[in-house]
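Read through the structure below, which is laid out as structure tokens, and then see the notes.
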Amino acid sequence: MSDTSSALRIVWIYPDLLSTYGDQGNALILRRRAELRGIRTELVRVLSSDPVPVEGDIYLLGGGEDRPQILAAERLRSDGGLKRAAERGAAVFAVCAGYQIIGESYGDDADNPLPGVGILDVRSGRGETRAVGEIVADVAPELGGGRITGFENHQGRTAVGPSAVPLSRTVTGIGNDGQTEGAYQGQVIGTYLHGPALPRNPHLADLLLRMRVGDLAPLPPSWGEALHQERLAAAL
Ligand code: GLN
């Protein structure tokens, strides 16, 4: 009989609404880097028609266009499962539209403020210009530092409130406001780094794993580090 109770549960929220940019890569790399350390994983895909389970370990939310973003926020708010999971200490990694909707509020396509899920103290509104292109940023030292790279494509700009901390400082690109990129609060992380941000930044994947499983054995350098270095060299 297989024992599923101790598997690390990775919950991918609403792939039908929030997965415009290859966001599945984040789930795959988390599983791979956990399993290389002998940690069993389970990937739970939660469609927007389904309830969000509260007993997951790491919750992933991807990017999306304005309308699916609004729908996702409404459903997550009425479901309540993601908020309860975060309150229980689950880790959350949310990208772009996902980042905006786990905040306190975000702007619709006419910049009317709409309520978010409220698990990260950020507020987003629309910027004058669309932020599109490669982004490089330095992660907060309290999170272990390190340079991250990604691709951003968003109209929104985000103000980080007093209960949250910027995830990183931008080297190139816009992120929240041209100065900082993303935010975190406890085990909840939001970022504008798109799609497969974790394959491009394996140390960020390990940061999330460590939040749930503690110390991790180092892994030999992989194509993940090679990709990270290649994108870093291309962006700067
Ligand atoms: N609709 C949001 C914005 O433009 C998020 C877009 C996205 O996820 N790429 O700011």
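Any Cβ shown, glycine's included, is placed from N, Cα and C.
Here's what TrEMBL has on this protein:
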| type | residues | note |
| --- | --- | --- |
| DOMAIN | 9-201 | domain 'CobB/CobQ-like glutamine amidotransferase' |
| ACT_SITE | C96 | active site, nucleophile |
| BINDING | R130 | substrate binding site |
| ACT_SITE | H194 | active site |
Worksheet item: C-alpha of H194 (active site) to C-alpha of the residue listed as 'active site, nucleophile': distance in Å?
Response: 7
Practice prompt. Could you tell me which of these recorded positions, C96, R130, H194, has the fewest other Cβ atoms within 10 Å of its Cβ?
Written response: R130
Discussion item. Using the alpha carbons only, what distance in Å do you get between the residue listed as 'substrate binding site' and C96 (active site, nucleophile) once rounded?
Written reply: 13
Practice prompt. Tell me, roughly as an integer, the mean pLDDT over the domain 'CobB/CobQ-like glutamine amidotransferase' (9-201).
Written response: 96
